[in-house]
């Protein structure tokens with residue numbers, strides 16, 4: 001609850017800052033930052049947003065501008081009072097807005113920004129996290145915000161950043177509509193009252209803001225007047241200001257043609273004060289200019305003013321479309337991904353929509369598909385109506401054509417970027433997930449997007465290769481692109497699944513991001529070559545006649561063992577077969593063509609809102625493949641042929657299956673039982689009799705039906721474990 005104090009007749013409410021905001025302000029105030037000038041950029045950006053909002057509302061209700069038709073930003077330095085004031089005629093804030101937006105409700109980015117700051121990030125990132133207002137405390141010891149919204153009274157917010165702020169009804173000079181921010185500057189920050197400093201800061205950060213930014217300065221100039229006028233003026237000054245504040249009068253002599261003769265009336269020069277006003281951002285919208293006339297520096301400055309980014313963009317596309325439909329667009333790719341790129345609740349405001357240079361909105365979902373939500377820029381249409389509503393936008397055919405063109409130009413830009421290996425590497429690190437999401441969602445552009453993918457492979461080492469490069473290296477008899485999905489490059493490179501494929505000299509693509517699983521569900525082929533997972537059934541490697549003959553012989557030789565293993569494992573596997581993919585591993589678990597891979601199963605198990613009925617169906621399709629050339633499998637076959645009811649055979653089959661599950665990337669349903677089997681085998685290997693073990697109460701997690709292994713009589717025999 002706020003504290004309420006009565007100052008005369010004024011009611012002043014005091015509120016505590018929300019904890020994270022108080023922490024952020026403390027960080028801003030008590031840490032030294034060299035580039036404090038960004039506070040001006042942030043306040044101008046907030047003013048511009050407020051002006052955008054009132055202009056958008058006025059398109060459907062022109063009376064909203066009755067409280068002030070001019071949409072502008074004024075900057076007023078005052079040396080005497082050591083204040084820097086910024087006034088906008090934007091939408092203003094109600095009392096509730098003032099309390100919520102400036103102190104009691106933390107934005108989602110507050111904590112993320114503090115973490116970034118503590119990790120060494122630049123203070124100039126503040127605008128990207130939605131907390132730019134608080135940068136005012138980089139230069140101010142006290143901030144006063146006076147604001148008037150059409151639906152409320154004029155209020156004043158004030159804080160010296162001591163953990164609290166006050167709000168009261170403002171009885172001072174009415175501002176009509178909008179917001180006035182008064183910064184009471186720290187003693188060592190008076191440079192921001194200087195004309196040159198303000199001008200260069202606005203030019204650097206805010207010259208492309210779409211509203212006039214006017215600087216008001218009190219200046220002096222010399223004025224020539226007659227002695228009589230000087231006397232009159234002196235008297236007036238005395239009355240108005242008192243004797244102490246009279247203007248300094250400078251006598252510059254008299255104008256005489258001949259001394260002592262024909263005297264003319266004497267004149268004086270006095271210094272008078274006046275208010276000089278200068279518009280600081282006269283540059284016309286950059287997207288309306290010819291791209292050939294715009295320098296990279298200008299693009300960079302515009303990008304920074306548009307996005308509040310502290311770094312230059314990575315790439316830019318400036319184009320216009322003419323004909324039946326007319327629009328201009330300027331698109332940028334950031335140098336790095338924002339912290340909340342895939343946050344569902346995030347307001348999408350990366351592309352600003354203008355109609356004939358008038359800003360309409362900055363959250364138009366229909367303008368660009370979700371997978372391109374990192375692209376920043378502006379689109380200026382000549383054909384959309386000025387008063388278009390969101391509902392009309394959803395149905396607009398014009399917008400659908402604009403969207404199609406934007407996607408096409410974005411893909412062109414990505415392809416151009418791909419020609420520069422170093423820059424594309426930076427781009428891919430930040431936005432590869434977006435490209436893969438595009439392959440999953442955008443069937444029209446799937447082929448183009450697939451050309452932009454880059455993966456580590458069994459032949460590229462630390463470098464990444466495109467699928468086009470993979471195809472160019474394919475062997476003559478190779479018909480498919482082989483890939484494996486998993487958690488990391490090292491894990492998949494050492495997987496049993498790639499043993500035979502690599503030994504035969506075929507390249508394997510390593511897919512190590514969870515989104516790759518969704519991507520390959522849609523990307524069935526590339527350049528006429530089918531994508532084949534080496535972890536699924538039906539892997540067919542090119543074979544000569546000798547290899548085919550050997551495979552058939554092994555199938556016959558191990559047929560009875562496969563049948564026995566299927567009986568022992570029952571519903572745990574769909575079938576047991578002889579493998580053509582293993583070299584040094586005794587066995588592996590593969591999934592059916594349409595089932596989930598081990599990696600996909602892991603991803604789905606991690607989903608909080610998973611569908612258990614689907615999981616039960618998809619997870620059941622496991623196939624056990626055995627390596628006919630491995631001594632463990634060969635010895636097991638011999639034991640099974642001798643006595644298929646041998647308990648040791650059954651135990652070893654279960655142990656082999658569970659170990660294969662783990663090595664193939666699956667998880668165990670009952671890891672404790674598996675662990676107990678391993679412990680008993682370790683005891684057997686160490687020659688420890690179960691009778692020698694310390695007698696303790698049985699753990700409830702250890703099933704009673706796992707008897708000790710009979711190690712002394714026959715080291716190879718074990719009790720059956722169900």
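Each residue, glycine too, has its Cβ placed from N, Cα and C.
Quick caveat, the model's predicted, so the values are computed rather than measured.
Annotated features, as they stand in Swiss-Prot:
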- 46, 88, 107, 133, 390: ATP binding site (BINDING)
- 225-234: compositional bias 'Acidic residues' (COMPBIAS)
- 235-251: compositional bias 'Basic and acidic residues' (COMPBIAS)
- 226: phosphoserine (MOD_RES)
- 254: phosphoserine (MOD_RES)
- 221-268: region 'Disordered' (REGION)
- 690-722: region 'Disordered' (REGION)
- 718-722: motif 'TPR repeat-binding' (MOTIF)
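The Cβ of residue 88 (ATP binding site) has 47, 48, 50, 51, 72, 73, 74, 178, 179, 211 as same-chain neighbours under 8 Å, each 6 or more residues away in sequence.
When other Cβ atoms within 10 Å of the Cβ of residue 46 (ATP binding site) are tallied across all protein chains shown, the result is 20. All chains included, 20 other C-beta atoms sit within 10 angstroms of the C-beta of residue 133 (ATP binding site). Averaged over the motif 'TPR repeat-binding' (718-722), the predicted model has a pLDDT of 41.
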